[in-house]
Amino acid sequence: MPNSSSIHEFLLLAFADTWELQLFHFGLFLGLYLAALLGNGLIVATITCDHRLHTPLYFLLLKLSVLDLGSISTTVPNSTANSLWDTSYAGCSAQVFLLFFLLGTECALLTVMAYDRYVAICKPLHYGTLLGSRACVHIAAAAWGSGFLNAVLHTANTFSLPLCQGNAVDQFFCEIPHILKLTCSDASLRKAGLLAVTVDLVFGCFVFIVLSYVQIFRAVLRIPSKQGQHKAFSMCLPHLVVVSLFISTCIFACLKPPSISSPVLDLVVAVLYSVVPPAVNPLIYSMRNKEIKDALKKLVLPVYYSSNE
């Protein structure tokens with residue numbers, strides 16, 4: 001049985017043994033990846049190029065799109081290539097670090113975006129003070145810092161254990177629970193510690209977001225006009241959908257009972273929290289946002305706009 005010093009590569013999960021199904025897997029993941037690159041890339045370019053979108057809300061949305069680009073680029077390209085070559089030990093540890101760094105930062109950033117909506121609706125007169133340019137930079141730095149500490153803790157805790165149960169990871173990317181199954185000793189305490197840290201982070205963000213939206217809905221219901229209420233709800237709806245998708249899949253991935261665990265279910269859950277959100281978030285945020293749609297049209301169709309000015 002190999003020990004940790006002799007393990008230089010990890011063998012990731014292949015979705016199928018037949019060439020036709022492998023081709024289907026490659027095409028499906030490539031399509032999702034290209035959709036995420038296109039959608040998030042357009043949002044980044046649109047917000048960067050249009051000075052009217054240089055506000056705290058769109059500054060945070062730009063950071064979210066960058067995180068989505070990073071997280072899906074960490075998992076999908078490797079999964080589509082794992083039928084051709086294995087993943088090195090260093091590459092696997094780097095993937096774990098980057099994924100937890102990006103997902104932890106995204107969780108913190110979604111919480112900050114809920115605070116942005118709270119200030120905009122409940123304390124509009126103090127919006128410029130509480131969320132000025134300097135405050136936005138500090139908040140974004142704090143989100144990146146929390147994601148970095150989360151990634152260091154999980155990566156160090158996982159790869160400090162000796163591995164002697166082979167090198168086959170039953171997942172399409174290097175996921176910590178599957179790596180811990182390869183350890184020589186009982187890793188239950190490590191698993192419990194990592195689970196506690198992850199749940200505390202996600203649950204803390206979830207509680208803050210819920211409390212923010214309780215105050216937001218109270219303020220919205222006091223708006224006398226139906227049009228004002230509709231505008232406020234439309235402003236919050238995309239963020240609520242993105243948060244629900246992200247947090248629900250993360251919580252289920254962490255807390256699903258071992259009795260219902262299976263390779264197929266683990267695969268589906270991993271796709272839901274690591275691949276689907278980056279691909280659909282741009283659509284969710286742009287679908288009901290007139291400012292982004294107008295700026296995107298101006299970016300994509302400059303000739304049309306210049307001829308009508």
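For all residues, glycine too, the Cβ spot is worked out from N, Cα and C.
According to TrEMBL, the protein has these features:
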- 23-45: transmembrane segment (TRANSMEM)
- 39-285: domain 'G-protein coupled receptors family 1 profile' (DOMAIN)
- 57-76: transmembrane segment (TRANSMEM)
- 96-115: transmembrane segment (TRANSMEM)
- 135-153: transmembrane segment (TRANSMEM)
- 192-214: transmembrane segment (TRANSMEM)
- 235-255: transmembrane segment (TRANSMEM)
- 267-287: transmembrane segment (TRANSMEM)
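The stretches the transmembrane segment (192-214) and the transmembrane segment (57-76) do not meet in space: the count of Cβ pairs below 8 angstroms, excluding pairs fewer than 6 apart in sequence, stays at fewer than three. For the transmembrane segment (135-153), the list of distant contacts is 56, 59-60, 63, 96-109, 112, 194, 197, 201: same-chain residues at least six beyond its ends, Cβ to Cβ under 8 Å. Mean model confidence of the domain 'G-protein coupled receptors family 1 profile' (39-285) amounts to 83 (pLDDT, 0 to 100 scale).
Counting same-chain residues at least six beyond the ends of the transmembrane segment (23-45), those with a Cβ under 8 angstroms from any Cβ of the stretch are 15-16, 61-62, 65-66, 68-69, 72-73, 76-77, 79-80, 275-276, 278-279, 281-283, 285-286, 292, 296, 299-300.
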